[in-house]
Amino acid sequence: MHISSLFLCVLSQIFVLSYAQRVLEDPYAETPKCEPIRVKACQDLPYNITIFPNDMGQSTQEEARQEISQFASLIRIRCSPSLKLFLCSLYFPVCTGMKKPLPPCRSLCEQNRRDCEPLMRGFNFEVNHLKNVSCW
């Protein structure tokens, strides 16, 4: 899967979900605050602002940095060409102005599970950790 198609997937999610939120939610409700991504590992993404808490359970960028750092060896090995984008979109989700973080595209989730699960087992990673990820 090419990065351009993944980026298009993210953009289409933002558009659809932003429109749905405007139609279904109170227009005067307070929206969460966006913040620049300060963790170096995820600064070279197609987006540069994030929102917390994320859907993985972290409330701050520091907590997310600690969690994502456990995947450094898999990112270096490149079991999937889009693993870094996938993990960063989980732990540092793009800020859309909506109340909830935007989950990764289903195709991105499935590709990384398929490509990296055998290696994750070899490194004794908790594979179920990523199986329970909710994707769009």
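Using the three backbone atoms N, Cα and C, a Cβ is placed for every residue, glycine included.
Here the structure is a predicted model, which means the values were calculated and not measured.
The disulfide partner of Cys95, as annotated in TrEMBL and taken from the candidates Cys9, Cys34, is Cys34. For Cys88, the disulfide partner named by TrEMBL from the candidate list Cys9, Cys42, Cys135 is Cys42.
Around the Cβ of Cys88 (disulfide bond), 25 further Cβ atoms fall within 10 Å across all displayed protein chains.
Between Cys95 (disulfide bond) and Cys88 (disulfide bond), the C-alpha separation comes to 12 Å. For Cys34 (disulfide bond), the same-chain residues lying six or more positions away in sequence with a CB closer than 8 A to its CB are Ile49, Thr50, Ile51, Cys95, Gly97. Taking DSSP states H, G and I as helix and E and B as strand, the domain 'FZ' (29-136) has 49 helix, 5 strand, 54 coil.
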